[in-house]
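Student: Quick paste from TrEMBL:
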type: REGION; residues: 29-83; note: region 'Disordered'
type: COMPBIAS; residues: 40-49; note: compositional bias 'Polar residues'
type: REGION; residues: 95-119; note: region 'Disordered'
type: TRANSMEM; residues: 156-179; note: transmembrane segment
type: DOMAIN; residues: 156-694; note: domain 'Major facilitator superfamily (MFS) profile'
type: TRANSMEM; residues: 191-210; note: transmembrane segment
type: TRANSMEM; residues: 222-239; note: transmembrane segment
type: TRANSMEM; residues: 245-269; note: transmembrane segment
type: TRANSMEM; residues: 281-303; note: transmembrane segment
type: TRANSMEM; residues: 323-342; note: transmembrane segment
type: TRANSMEM; residues: 552-576; note: transmembrane segment
type: TRANSMEM; residues: 582-601; note: transmembrane segment
type: TRANSMEM; residues: 641-661; note: transmembrane segment
type: TRANSMEM; residues: 673-690; note: transmembrane segment
Amino acid sequence: MDETYNNRTSLVKGAKDIAKEAKRQAARNLNKAVDRASDEYSTQHSYNRFHNEGMEEDNYGQQDGHYRENDDGASSDATEGHDDEDEIYEGEYQGVPAYSDGKPPDGHVALGQPVSDSLKNHKDLEKETQTDEEELAQQYELILQECGHGRFQWQLYFVLGLALMSDGVEVFVVGFVLPSAETDMCVPNSGAGWLGSIVYLGMMVGAFFWGGLSDRVGRKQILLISLSVNGFFAFLSSFVQGYNMFLFCRMVSGFGIGGAVPIVFSFFAEVLAREKRGEHLSWLCMFWMIGGIYASAMAWAIIPHYGWSFSMGSAYQFHSWRVFVVVCALPCVSAVVTLTFMPESPRFYLQIGKHDEAWMVLKHIHDTNMRARGEPERVFTVNRIKIPKQFDELVEMQNESANLVLKSHFCQLSALFRYYGLSVWFPDVIKHLQADEYASRVKIHNNERIEDFTFNFTLENQIHRNGLFLNDRFIAMKFKAVTFKDSSFLNCYFEDVSSVGSFFRNCTFVDSFFYNTDIDDSKLINSRVINSSFHHNKTGCQVTFEDDYSAYWVYFVNFLGTLAVLPGNIVSALLMDKIGRLSMLGGSMVLSGISCFFLWFGTSESMMIFMLCLYNGLSISAWNSLDVVTTELYPTDRRGTGFGFCNAMCKLAAVLGNLIFGSLVGITKAIPILLASSVLVCGGLIGLRLPDTRANVLM
């Protein structure tokens, strides 16, 4: 009888070991398991295989009756309670697992007890953790399917959309306020251009900093803090007067908004089921376009209105561009207010071992969606969720995944380099075309003699050579793009005169009087002033947009270029899950590279604007694909860090694009166009060779 009992015990133990090994082998084939489970869910509306796996193992071992009495009626002390102690804890919602009080001697393991983690080597623990994470990813995917896609996801969509909109506004604010801010604060040419670079540097540091913190502290909390920093310093920058302090405020503002992109996409992806992820992340990208449209519209409506300003003495000036800066901070403030009412990411809670908090958030998602569907009686059936073991060591990525990450980063760097480079280059090309057209209409006056005449009107776009002005009066008038060369002013009177883009070169002033004018040494180039006096000169730099058609036109062109992104956004959202992320990425970059090449043949404003709209419409699909792919490449515990690092490198590419393309403005258009086209085509060809990630579940 003893031999029969021992054989039976060995048989049961061997059967249980086989069952466990079969379970581990099945978990490794991740994507097939999810597809199979999804089919089971759709037909049976149940994911309880994760709940019942432990029970199935018990039943498998009980077929031979080893938990019942032996043939002679005696019970077995060796096998009694064996299954309860050998069951692997999978994170029950109710309570904490009860571990056996009996402790085996050091270096020994009691019969029938699981091996302690301290007695396993690192490879075994890593393998076990990988299996746990795969099982959690499968189960989490099924839980999201039970929760459904509905009101909760749309609420979070609009809240995170406001945060992403703030990032888009921040990028456009830099370009729109740059000319006005530098003029208003009397920035010399040596300091011009620092504003654009310093903001991108702040965003670069912020992306990596806030993205890394979001993996440690939480998506919601870090996003709230980063947006608050952005909103506060953006608002403060509109009131500071010194250029250095303004640079500092905009840098810190950029540092704050740098965390928006990596956290927003990580957060939203973690509440989306696999079949919804690509499409709805693409819809989320549309808010970046909305931010650009908002900034362009506000710039067009506010900045050119110079009358929207006030001053407190000569020390404090608040011009219209400062009003624009305040208005552009409103989306960020709105995002902070609405985000406070949203819960933390349940996937983040599970990753850090907070099972109960994750369960409550998932139940909230389920109940919110079911109430919106008119099915409040539907019960959330989840009662236990797998939690992977926590390690302090950073597990290295597999070579295949690392290569995929590097290639996707190259695609992003190439896209950012050409986008921000062309975003600086293209408006300046428009300005140069406008300047050439404006210069073609200049009026030239040679050897004129004007005596005892009163100028009380605006002189615009004129050149006066070898002129003689005797006893003339210049009162309450403006010089706009007027140049005097080798001219003489004898006994002339200047009062309440302002000048924009006007200079006196090699001129002579004799017995002349200046009162309340802005004519100073910077306007008098190689000129002589003899027995003349200046009184109550205007201080500071003069900012004016009155009758400035070009200012309205530049903002309107940016508005059209941003609006042209809308069709590409819609197409990419509808096709992202159908044709695949990488196919859309490569195709979009190649097509936008070809369209960029045709900018070479743009000889007029209308043609350049058309090519800009076409280029933006074709390239936006690449942006959306990169955002989706980057989100799906990284596991949950490194998603914010990886996305943040990638976004930081992209901002570095933006700085390089600004410097390189900005230095070529007005010199040649061949190099910028060829450089951008070649970078886009090369990045697109690399993107076409990458494996698709649309079948991935969030690890």
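Positions of Cβ are set from backbone N, Cα and C atoms, glycine also.
So that I understand the layout, could you describe where these features sit and how close they are to other parts?
Tutor: Beyond its flanks by at least six residues, the transmembrane segment (156-179) meets 193, 195-196, 199-200, 203, 223, 227, 230-231, 234, 250, 253-254, 257, 260-261, 263-264, 267-268, 271, 280, 283-292, 294-296, 299, 303, 321, 324-325, 328, 331-332, 334-335, 338-339, 342, 423-424, 427, 555, 558 of its own chain at Cβ-Cβ distances under 8 Å.
If you look at the transmembrane segment (281-303), the same-chain residues 6 or more away from its ends with a CB under 8 A from one of its CBs are 157, 160-162, 164-169, 171-173, 176-177, 180, 264-265, 268-269, 272, 320-321, 323-324, 327-328, 331, 545, 551-552, 555-556, 558-559, 562-563, 565-566, 569, 572-573, 576, 620, 623-624, 627-628, 631.
Taking Cβ pairs closer than 8 Å, the transmembrane segment (323-342) reaches residues 155-156, 158-160, 162-163, 165-166, 169-170, 173, 176-177, 220, 223-224, 227-228, 230-231, 234-235, 237-238, 257, 291, 294-295, 298-299, 302-303, 308-309 in its own chain, all 6 or more past its ends.
Through the fold, the transmembrane segment (582-601) approaches residues 411, 414-415, 418, 422, 568, 572, 575-576, 607-608, 611-612, 614-615, 618-622, 624-626, 629, 669-670, 673-674, 676-681, 683-693 of its own chain, all at least 6 residues removed from its boundaries and within a Cβ separation under 8 Å.
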Student: May I ask for the residues of the chain that lie six or more residues beyond the transmembrane segment (222-239) and have a Cβ under 8 Å from a Cβ within it?
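Tutor: Residues 163, 166, 170, 173, 206, 210, 213-214, 246, 249-250, 252-260, 263-264, 267, 318, 322-323, 325-326, 328-329, 332-333, 335-336, 339-340, 640.
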Student: So what's the mean pLDDT when you look at the domain 'Major facilitator superfamily (MFS) profile' (156-694)?
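Tutor: A mean pLDDT of 82 is what the predicted model shows over the domain 'Major facilitator superfamily (MFS) profile' (156-694).
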